Amino acid sequence: MVSLTFPRRDEGVAVLVRLDRCIGCRACQVACKEWNSLEYRPTEFSPTFTTPQDLEPNVWKVVFFGEITREYPTGFADPYVQPIPFNCVHCQTAPCARACPVGAIKVSDEGAVVIEGRECIGCGYCQEACPYNVPRQREDGTYTKCTFCVDRIQHGMEPACVAVCPTEVFEFGPASQVLASAEAERAAGKEVYGLNLDSYVGGSIRWVYSISKDKAHALKIRLPEKATVPFNFLREVLNPVIRYGAVLGAALLAVIGVIHEVKYRKERVKALKEATKEKGGKE
Amino acid sequence: MASKSSRREFLKTTSLAALASGVALSAPTALAGSDSPVPFKKWKTQWKLGEIGNKMDILKAEATPAICPYCSMGCSIDLLTIGDRIIHSRGSSDSYINVGQLCPKGQAAFQLIENELRVLTPMIRTGPKPPVDEILNAKTWDELVNIVKKYPPNWRPVGWDEAFRYIAERLKSIYDRHRAETGAPRFEDGFYYRGNVTPLQMIGSSVMKNEEGYLDNKLAVFLGTNNFDSQYRKCHSSTVTALALTYGWGAETASIEDVALSSVVMFFSNPAEAHPLSFYYFLQAKERGATFIVCDPRFSRTATYADLWVPFRSGADTALLYYLLYYAFFERNPPIDQLAEFNDLMNRWNITREDLEDLKTVIREYDVNTVSRISGVPVEKLRKMAELYVENSGVTTNHRKHGIIQWAMGFTQHTNASVNIIRNAAIVQMLLGNVGYPGGGTHPFRGHSNVQGVTDVQFGPGGLPGYPAVPKSTLEIRVYQDWKLQGMPDAWEWEVPQWARDKPPFNAIKKPNKGEADLAKALRAWIFNGWRRMELTWGIFVGTDPETDPRNGRVITDLPIGAGSSETVWPRRALDGEIKAAFILGENPAVTNPNAKIIWSGLASLELLVVADLFETETAWFADVLLPAAAWAEKEGVFTDGNRVLQWSYKALEPKGLSRPDYWIYTKLFEYLRRAGVIILPSELAGKKVEKVRFVKRGKVLEIYDRALDPDASWNYRGGDGAAFPVSPVEAEVNPRLIAREINFAMLIYQGLWDPIRDEFTPERRGVNLREEHEIDGVFSKEFKIFKNWGCSWPKNVRLLYNLDSLKKVLGKTVKIVAAGREWEVTGETGEILDEFTGEYRPFAVPGHNFFIPKIFRRRLSGVADLFGGVDMNKLIKEGKAEVIGKFVIEEGGEPKAVSFEEFVAKTGMKYLWANDTLYIDDKAQEIAKGLVKRPFFSGKSYREAKASIDAFKRRFREAYNQTRDIARAVEAVIDEFGRWYPDYNFQWPIHTEPVEAPDMELQFEYPTIAWLHPHNLKVLFEQPDVVKTMPVGVAHDVSILDAVEGELVVMTSHRLTETFHSGAMTRNVPYLAEMVPEPYVQIPTKLANKIGVRSGDFVILETARGSLRMRAFVTEGTAYLNVNGKELPIVSLHWSFSFSGLVTGAQANFLNPDVVDVKTTIQESKAWVGKIRRG
C-alpha cells in the first residue's frame, strides 16, 4: 500500500456530466481513442447498443444506453433511452492508486488518476479495488484506463471527450466551480450522482453526473449506488493488523474475502441481468 | 449563443500559460513539491502535451481547416499535419456551425485519409463479370453474395495514362456504333444530340466539391448525354421538386442557427443521429422552451428529446400533416382563416377564397378518426400533436412564435413524396405563417456534405448547372435564338414570338407580350438566361444558323435535347440495352439503390463501367476500370452545406499514392476522350466556329460582336493568378479556383462566390461577427443572430429564404440603410449583390426576399448588351481581367445604334457589368413573386370538380380487382377505361395515397397508390425486362401475395445511425466507426419479438417479394406496434448501411425493397414496403 496525498475535492479540476444534454452520439468515445491513439479492435453486435459492451484496454470511454419507460411532459408514458457516457470517474481518494503496490498509479495536482504503464507490474490490485470496474489489462499484462487527458489538462486544454462534444454535455473546469454547478443542478431539482458517495472513494468523484428526476432511474445501468468494494475497504482497515502478523486478522480477512467475493459476484450478475432485462431478455 | 461560443473560444484558444495558471490557482498547495510516496522512485507529476497518445510533435504541426465530408452541416475540421502525416484532428474553433466540436464521424474522418484499405492506383479488370441471370435468380442475400463473389474483378494495376487510354478506346467503340446506328448528331432539322438516347450514364457523387460535380455535368454535356444524375436523386429529389414548385427554390429555407429561434419543431427525421451538430442549435431552442414533436416509427436518439413521440405507420405522412390543417380549420376556435394575419398572408400565396374552399374540401376528409385509422396513431396523441404545433405557429401568434417542420428520408422516399407528402408540408408551413420568418420554415436536412452543392451545380437528367431545364425540343432552341436577337431581355422586355405562342411549353405563358409577364414567362426567361451562361462560359453554341433566322435556320445546339434517365431508372434501361456505359465517381449505387438485384444486374450488364472511389466498394466490384480518388482533405474547393452556405474546404495534404481529385480526373477524361474522337460537338460538325451576336431593333439588325467558339479553352484549367493561384502542383495542372470562377458566371444562383472587382472568393470568408445595424442586413443579422459574414450563401447571400417582411412582422419596423451611395428601405432580408455603378455591395431583393426570387428578376441590359456586357468570358475566368468585346445598343434621336463600352459607360455610368449582369428586383418582380399554395402537378381539374371521377375510378379499381384477383390486371383495366390512373384530378392539393406495397388492401382501394401514374412503375408492374420475368424482383402490390410466406406481416422501413453513413463505404471502412457498429440489425418491437420468440441479438429472417435475408434483431419497446384500420400492425426498421465489401460487412437492407419510384422525381420507395418476419 502506498500512502498518497490527494488534492481536496474543491481543488484541481472536475467535470459535470449533464446527461440531459446528451444525444448519445459517441463522439466522446471516438475523440478519446483519437487523442490517445488507441487501436481499433473488432467488436460484436451488442444487444444493448452499447459497443463494445464495456470498457476495454483500447476503449477508455464507452457510452452506455439504457432503455426505460418514462412519463413525458405531454403526459404520455412512452419508452425512453438514456445514453450514459462513462469513463474512469477519478475518485476523490482513488482506491486504485491506494491499492497499487508499486506506486504506478499517479494522482496529479489536478486530481487526474493516471496509471503509468511503464511502472505497472500487472498485479491487478487496481482493478479489484475499483468500485466502478474501470482498469483493463492489456495484452502485455499492464493495466490501463482513462487518464483524464492529463497531458491536455496540464497544457490548458479540455479533455478530448469534453472538447469534442457537440451538445456540451460536459462542463469541465476548476473543481470548485464544477461543484457549484452541480449544486445548482441539484437545487434546480435534478438528481446528482457523485458528490455523496462512500468514504471508500473519498466521498466523491471528479466526474459528477446530473440528470432530470424522471430519467434518474437510468443511472443504475452503469453507476452503482454504493461506490465501494467492501473487501478492499476492510483490507485497508485491517492492513495494520495484517502487517503485525495477527493470525486472527488473516483468517478474518479470508472469511470476509470469500463472503465478499460470493456476494459481490452475485450482485454483479444480478445487476447485469437487470440491465439486459430492459432489453427484453429472458434468461 | 454568443456567451456560449465565447466560453469555448476561451477554453480552446487561451495560451497554455494562461490556463495553466487558472488551474494552478485551484491546485492543492499541499501536494506541490511533495515527496514521492514510493521510496527511491521519481514521482511523476507532469505530462507533456500528447505524451499519452504519442502525439508529442503536435506543436510542430500545421492546422488546415477542411469541411467535413459526412453530413450536410458544414462543420469545419482542423487537420494538424506534418508533411503527409496527420497528427491530430479537431473541430475548428472559429466555425459558427460547430464551434470546435465534432460528431463521431467528423472526429474519425481522418481515417478516411490514412486507411490501409484505400485504392491507390488505377486498375483494370481482368476477371469476368457476374452474369445477369445468375444475379436475378438469387432467392436470398447469402446466395446473391456467393454468386458475385465467384466473379472477382482480378484487378491489374496500371498507370493513369493506360487507364485513360483504355477508357477512351472502349467508349469510342460504343459511341461509334451509336453514331452509326442513329446518325447522331446529324438530324434533318439540324445538329444536336438527343441526350436521353446517348447510351452513356454519368453519376457524380454528393460528397464531391462543387468544382467536381460541375465538371461532371459539363463533361456529360460535351459527351452529348443527359443521362446524368447524382445521389441527390435518391435522398431529396422529391424535396427539391416539391419545394421548388411551391416556393421557388428546392432548398432548406433557413440557416442552421435559425432553428434556435423556433418555438415548436416537428421532426419527421432524426437529426440527433444524422446531423448531430444541429443539436447544438436545437438544444438552444429547447432551452428557450421550444416543444419537440418526433414523428418516427422508431425511437431514435432525436426522440430522446421529444416532448411527444408519435410512432406512426411509414407512408401515412400526408394524412398526419392534414390533421394539423383539420385542427386549424375545423377544430380550433376561431379557425385560422378567420384570423387577420391569415388574410394578410393570403396575398403572398396566389390563392383565392374559392381556391381555399376547394382545399378545405380535401382537408375535411382528414378528421382525427380517419387519420388515426390510416396512421395508427391514437386519437389523443394526434390531438396533442396538432394543438402543440398549430398554437405555436406564426399565424396563430401574430409571429411571436414559429414552427419548423424538419425532415429527411422518412418523408422523401415514397412514390407520392413530391406530390403529396412534401407538398403538404410546404403548404402547411405557408398556411400556418411559418415560412420566411425566424424560427420557422421547412428544414429538409440533407444527407451528404455537399449534396446541396452538387444538386446546384449538377441538377440531374432534366437540368443544367444552376437549375435551368435542359432543352426539350428544337422549338425551344428556336425561341431561345429569337430571345437572343431581342437582346437577352428579362421577362418584361421579352416578346414571345407569335409563331411559338400556341405550342408547348410556350402556350403556358399567359402574358406573352412585351411589358407584361407572369410566372411562366419569368421562369422561361430565367432558363434562357441560364443557357446563355453555359454558351459563354463553355465556349459552345446553342441557337440557329443563321442567327438572324430563328424560325427557319438550322438548329445547332451543343446542349443535348431531352431529359435523360435518373439514378433509379437507369438500371432497368441498362438491362434493356439502352445504356451501355457508365461513369460512377464517388458513389456506391450497388448499396444505395433499391432492389439490389436490379442495380447489380444493371451494373453487370454494362459494356464499360468506370468507377472512381477511395475504396473497392460494392459498385467497384462490377467495374471495368477502378480509379483511385483523392480523399476530402487531399483536395480543395467549395462545399455548399445543407442550408446553402458556401464554404471553402482547404487542402491539408497531398493525395496518397497515385490518387487524384475528381476535378483532375474529369479534366483528364475530357482531354483523352477529346483526343480519341469520342467528344465531337454538334457545332463542330456543322462547321460553326463563330457566333454572330446580333440584336434586332425595330427591324434593324445591329452588330453586337462576333464570338469565337472555343470549347477546348474552357477546359484549360492550368495555372492561375491572384486569389486563384494554385495551391500545389496537382492544382497547377487542374485548378479548382479557376473552375470556381467559371461557376460564378455559369450559374445565376452562385453569382457572388467570386468578387471579380476585389478578386476575392467569398466562401473563404470566416467572419465570426454578427453584422452591425448600418450594414446590409445588419438589423436582421443582429436581432436574429444570423452569421452573414461567414462564407456566402445562395441566392445573393440570403440566409432565410422568402424573408420578405420579418423585420416588419416580428420586430415591427422597417429599416433604412445606405449602400452603394443610395438609401434603401427594407422590411426583410435582402441579400447583397455587387453594384454595376459603383462596384460596391448593394441590397439585392428589396424590400426583402420573396418566393421565386431571383428566378424572377429584372435586367438593366435587356435589349442593350449580351450577358455580363459582352465581356470575354474565358479571359475573365482564367486571367481575372475584364475585356469587353461586345457593343451596347442605345437609342439616339429615336434610332437604335450600337456603341462601344466606353461610350456606354460615359452615358450611363454602369461600369461593372460583369459583376452582376445588372440584375435587380423591382415592384413588378415582387408582384408576381408569390408562393404557390395551389399548383397542379398533372393535367386535370380541381378537387371538387374531379371528385366524382376519382370516386368512380376507385370503385372501378376495386371491382376490377374483385373480378380478376390480380392488381396488375385491375390497373390495366382502369387505365384502359379512364385513359389514366387517377383520371381528371390535377393534384393541385395533396391527398393521402398508399405506398405501392400497402399492408392492408382495404386502404389500398380507399386510397390507391399514385405510383401507376409513372411509366417506370408500370414497367415494373407489367413489362419487366425479359431477363427479369418469372423471377422474384417484383412488388407485393397485393399483400395477399405474401400469404404463402411463413411469418408475421410487417411494414418495413429503414434507418441509419450516427455512426454509419449511407452505403457505408465511408464508415464501414473507418476503423473507429466500424468498431461501434460492427453489424447491421433490424429493430423490432418487443411485442412482435415475443410473438415470434426472439430476443435481442437473435437472428430473424425477413422476406419480401424480392427475396429474403437474415439479420440480427434488436428488440425494443421503441419501435411502433400499431393498430391500423382495426388491425394490429408491427413496424420493423432495418439498418441499411451494410453490404459485402469492406472492413465490416453484413446483409444489405436495400436487397429487400422495391424499385418503384416517385411519380415526379423517380426517388425510390424505400421507406415503406411490406414483408414477413420469422425467427431465423
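Here, residue 1 is simply the first one shown, and the rest follow in order.
Keep in mind that glycine also has a Cβ here, set from the backbone N, Cα and C atoms.
Cross-referencing A:C100, A:C146 against the [4Fe-4S] cluster 4 binding annotation in TrEMBL, which names A:C120, A:C123, A:C126, picks out A:C100. The candidate list A:C22, A:C25, A:C32 contains one residue that TrEMBL assigns to the [4Fe-4S] cluster 2 site with A:C146, A:C149, A:C161, namely A:C32. Per TrEMBL, the [4Fe-4S] cluster 3 site holds A:C88, A:C91, A:C96; the candidate it also names there, chosen from A:C28, A:C130, is A:C130. Filtering of the binding-site residues A:C25, A:C88, A:C96, A:C123, A:C130, A:C165 by Cβ separation from chain B (threshold: under 8 Å) yields A:C25, A:C165, ordered along the sequence.
Cα of A:C22 ([4Fe-4S] cluster 1 binding site) to Cα of A:C120 ([4Fe-4S] cluster 4 binding site): a distance of 35 Å.
Using a 10 Å Cβ-Cβ cutoff, A:C149 ([4Fe-4S] cluster 2 binding site) registers 28 neighbours.
Averaged over the domain '4Fe-4S ferredoxin-type' (A:79-110), the predicted model reaches a pLDDT of 96. Listed by sequence, the residues of this chain that lie at least six past the ends of the domain '4Fe-4S ferredoxin-type' (A:13-43) yet keep a Cβ under 8 A from its Cβ atoms are 51-52, 56, 58-63, 65, 81-85, 87, 110-112, 146-149, 152-153, 159-175, 178-179, 181-182, 185, 190, 206-212, 215. Most buried of the binding-site residues A:C91, A:C96, A:C120, A:C146, judged by other Cβ atoms within 10 Å, is A:C91. Rounded to a whole number, the distance between the Cα atoms of A:C130 ([4Fe-4S] cluster 3 binding site) and A:C120 ([4Fe-4S] cluster 4 binding site) is 16 Å. Comparing CA positions across the binding-site residues A:C88, A:C96, A:C123, A:C130, the one lying closest to A:C149 ([4Fe-4S] cluster 2 binding site) turns out to be A:C88. For the binding-site residues A:C22, A:C32, A:C88, A:C165, the ranking by surrounding Cβ atoms (within 10 Å, all protein chains) places A:C165 first. Among the binding-site residues listed (A:C25, A:C123, A:C146, A:C161), A:C146 has its Cα nearest to the Cα of A:C88 ([4Fe-4S] cluster 3 binding site). Surrounding the centroid of the Cβ atoms of A:C32, A:C146, A:C149, A:C161, where the record places [4Fe-4S] cluster 2, the chain contributes additional residues within 8 Å, namely A:C28, A:A31, A:W35, A:N36, A:W60, A:K61, A:N87, A:T147, A:F148, A:P159, A:A160, A:V162.
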